[in-house]
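What Swiss-Prot records for 115 is active site, pros-phosphohistidine intermediate, and it gives sequence analysis as the kind of evidence. Residues annotated as ATP binding site in Swiss-Prot, with sequence analysis given as evidence: 9, 57, 85, 91, 102, 112.
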């Protein structure tokens, strides 16, 4: 099964959206295999968002993501990366479809509630940044036979 990294950003935590976001992923049939409430260090933020280094918004992004607690998660399921991207909606909430997480709860591109991996490679990299292998659980969900062929 495929895995993806999902993070509820400080705005989502402060607004009390963690439970709603987890609920959406569970209702979609995905399995939660890792979960942490944490404060991101500047060093971790710089590594995580390294692809944006040198861009005009980089410093603001680092300040925001380290401004409060986040909820880091690993979800598992069939095509979970692509499906999670659809569930989250466009990065800019003003362009996100109604009903998506960002379309429903996002304020602006800098306060868009949630981050999710965009490829299998980024998922593997981000999961390894935030979780040790022993922090991820493998287990059988009794519903799996009702969800997957």
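Numbering starts at 1 and runs along the chain as displayed.
Just so you know, glycine gets a Cβ as well, placed from its N, Cα and C.
Taking the features listed in Swiss-Prot, we show where each one sits on the structure.
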residue : record                                          : Cβ within 10 Å
9       : ATP binding site                                : 22
57      : ATP binding site                                : 12
85      : ATP binding site                                : 17
91      : ATP binding site                                : 15
102     : ATP binding site                                : 23
112     : ATP binding site                                : 23
115     : active site, pros-phosphohistidine intermediate : 20
Of the residues named as ATP binders, 9, 57, 85, 91, 102, 112, how far apart in Å are the Cα atoms of the most distant pair?
22
Report, in whole Å, the straight Cα-to-Cα distance of residue 115 (active site, pros-phosphohistidine intermediate) from residue 57 (ATP binding site).
16
Under a three-state reading of DSSP, tell me whether residue 112 (ATP binding site) is helix, strand or coil.
coil
Roughly how many Å separate the Cα of residue 91 (ATP binding site) from that of residue 115 (active site, pros-phosphohistidine intermediate), to the nearest whole number?
9
Rank aside, I only need the closest one: which of the binding-site residues 9, 85, 102 has its C-alpha nearest to that of residue 115 (active site, pros-phosphohistidine intermediate)?
9
Three-class DSSP secondary structure - residue 9 (ATP binding site):
coil
